[in-house]
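Chemist: Look at Swiss-Prot and you will find Cys380-Cys405, Cys388-Cys390 tagged as disulfide bond, backed by similarity to another entry. According to Swiss-Prot, the domain 'Bulb-type lectin' annotation covers 34-156. Sequence annotations record features per position, and here Swiss-Prot assigns domain 'PAN' to 350-430 based on sequence analysis. The N-linked glycosylation site feature in Swiss-Prot is assigned to Asn46, Asn114, Asn121, Asn150, Asn245, Asn261, Asn389; the stated evidence is sequence analysis. The signal peptide annotation in Swiss-Prot covers 1-31 and is backed by sequence analysis.
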Amino acid sequence: MKGVKKTYDISYTLSFLLVFFVLILFRPAFSINTLSSTESLTISSNRTLVSPGNVFELGFFKTTSSSRWYLGIWYKKFPYRTYVWVANRDNPLSNDIGTLKISGNNLVLLDHSNKSVWSTNVTRGNERSPVVAELLDNGNFVMRDSNSNNASQFLWQSFDYPTDTLLPEMKLGYDLKTGLNRFLTSWRSSDDPSSGDYSYKLELRRLPEFYLSSGSFRLHRSGPWNGFRISGIPEDQKLSYMVYNFTENSEEAAYTFLMTNNSFYSRLTISSTGYFERLTWAPSSVVWNVFWSSPNHQCDMYRMCGPYSYCDVNTSPVCNCIQGFRPKNRQQWDLRIPTSGCIRRTRLSCSGDGFTRMKNMKLPETTMAIVHRSIGLKECEKRCLSDCNCTAFANADIRNRGTGCVIWTGELEDIRTYFADGQDLYVRLAAADLV
């Protein structure tokens with residue numbers, strides 16, 4: 001019996017040691033999504049943080065054509081690595097020595113000389129609990145007190161500092177309490193995550209709108225939120241497993257979207273070549289599907305046709321004067337150089353004017369617009385007629401047969417027509433030009 005017990009003890013000890021060494025050797029493979037103030041991530045350790053649902057992973061990476069290293073987040077379980085956030089995109093690590101840790105209640109990324117190349121740079125008072133960093137299930141990398149999971153009390157979050165991608169639950173636009181404007185900036189190239197030439201950014205005005213730009217040159221205007229969607233991207237309403245929202249109040253003006261089916265994935269991305277795209281991934285997918293891309297047609301281009309004209313993909317040429325208007329420069333117009341736009345055939349008289357109804361339109365740029373949220377279309381028409389500077393009006397919200405009022409008091413710019421997904425625009429004309 002003693003021999004049996006001795007053999008059993010040896011076997012038990014060997015089993016214990018085997019399990020112990022397996023745990024040590026393969027520790028990085030376990031799905032750990034938090035980083036405490038006593039831990040660190042290094043390039044050499046190959047350790048990563050993995051979100052609880054195993055969808056997102058945070059760690060160090062380098063692109064195929066570069067020896068520089070970045071800290072980023074990517075989709076974990078897809079066959080092709082897709083990056084959604086990069087911390088040090090404009091200040092990469094020059095070699096394979098890098099450390100992410102919590103120091104002084106901030107996340108810091110240190111290079112080979114222990115110099116900080118990126119930090120959350122949060123200024124706080126006395127701390128009552130240790131700080132912890134966590135990769136959440138939605139891909140948000142947050143820093144919080146270790147005893148608080150309240151999202152409103154996050155000390156810092158990557159969702160506030162997007163790179164080129166908007167994920168579900170992220171917000172694109174302004175936090176009016178802090179003045180933070182969350183916008184997208186493209187990669188320099190498909191293999192270079194540094195800040196590129198293109199941005200997608202919200203501009204605050206009576207009706208906030210997003211602009212796709214290259215530097216100061218605008219390429220595309222989103223159109224305002226119409227209650228269902230961003231009006232200049234009608235394709236976005238056609239995904240049944242997604243809901244969209246634009247919040248505008250005293251605290252924020254921001255767009256977001258949510259997934260209603262967790263089997264599908266979607267993201268908005270601004271490409272290094274200047275396209276704003278929605279990409280989707282279905283359970284049967286092997287690659288990301290480009291659901292829509294903008295600008296997709298010359299009618300998507302910013303101010304393609306000039307003032308008082310509209311773009312129609314079904315006409316040739318695509319630029320057309322609004323009823324009651326004629327080309328301002330006939331020679332240029334005939335040469336298909338439409339940027340000078342159109343002018344009225346008959347001057348407005350103020351007292352005897354009327355309106356032509358244009359259906360399925362992208363509303364004009366709202367720089368010179370006035371918004372009244374509490375009145376309907378009839379009252380909107382009356383107010384437009386009573387203002388001799390009013391050039392057009394429309395509903396601000398197309399839900400419930402239309403509510404709210406938008407009045408334009410200047411030139412009507414950047415208009416286009418859609419097959420079925422736009423909204424009614426009422427343009428002021430002299431009585432002689434009404435049909």
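For all residues, glycine too, the Cβ spot is worked out from N, Cα and C.
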Chemist: May I ask for the distance between Cys380 (disulfide bond) and Asn389 (N-linked glycosylation site), taken between their Cα atoms and rounded to an integer number of Å?
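Modeler: With the alpha carbons as reference points, the distance is 14 Å.
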Chemist: How do the residues of the domain 'PAN' (350-430) split into helix, strand and coil according to DSSP?
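Modeler: Reading the DSSP string over the domain 'PAN' (350-430) gives 13 helix, 32 strand, 36 coil.
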Chemist: Quick check for the class: what is the C-alpha distance, in angstrom and rounded, between Asn261 (N-linked glycosylation site) and Asn245 (N-linked glycosylation site)?
Modeler: 17
Chemist: Under the DSSP assignment, what numbers of helix, strand and coil residues are found in the domain 'Bulb-type lectin' (34-156)?
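Modeler: Looking at the domain 'Bulb-type lectin' (34-156) with DSSP, the answer is 3 helix, 50 strand, 70 coil.
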Chemist: C-alpha of Cys388 (disulfide bond) to C-alpha of Cys405 (disulfide bond): distance in Å?
Modeler: 17
Chemist: With every protein chain in view, how many other Cβ atoms are within 10 Å of the Cβ of Asn121 (N-linked glycosylation site)?
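Modeler: Asn121 (N-linked glycosylation site): 10 neighbouring Cβ atoms within 10 Å.
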Chemist: Within 10 angstroms of the C-beta of Asn114 (N-linked glycosylation site), what count of other C-beta atoms is obtained when all protein chains are considered?
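Modeler: So the number of other Cβ atoms within 10 Å of Asn114 (N-linked glycosylation site) is 9.
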Chemist: Compute the C-alpha separation of Asn114 (N-linked glycosylation site) from Asn121 (N-linked glycosylation site), stating it in Å without decimals.
Modeler: 17
Chemist: If one measures from the C-alpha of Asn150 (N-linked glycosylation site) to the C-alpha of Asn121 (N-linked glycosylation site), what distance in angstrom results, rounded to a whole number?
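Modeler: Asn150 (N-linked glycosylation site) to Asn121 (N-linked glycosylation site), Cα-Cα distance: 21 Å.
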Chemist: Quick check for the class: what is the C-alpha distance, in angstrom and rounded, between Asn46 (N-linked glycosylation site) and Asn121 (N-linked glycosylation site)?
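Modeler: The separation of the Cα atoms works out to 25 Å.
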Chemist: Quick one: of the recorded positions Asn245, Asn389, Cys390, Cys405, which has its CA closest to the CA of Asn121 (N-linked glycosylation site)?
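Modeler: Result for Asn121 (N-linked glycosylation site): the nearest of the recorded positions is Asn245.
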Chemist: In sequence order, what residues of the same chain, 6+ apart, have a Cβ less than 8 Å from the Cβ of Cys405 (disulfide bond)?
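Modeler: Non-local contacts for Cys405 (disulfide bond): Val371, His372, Arg373, Ile375, Gly376, Leu377, Glu379, Cys380, Arg383, Phe393, Ala394, Asn395, Ala396.
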Chemist: I need the CA-to-CA distance for Cys390 (disulfide bond) versus Asn245 (N-linked glycosylation site), whole Å please.
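Modeler: On Cα coordinates alone, these residues lie 30 Å apart.
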Chemist: Among the disulfide-bonded residues Cys388, Cys390, which residue has the fewest other Cβ atoms within 10 Å of its own Cβ?
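Modeler: Candidates: the disulfide-bonded residues Cys388, Cys390. Fewest Cβ atoms within 10 Å: Cys388.
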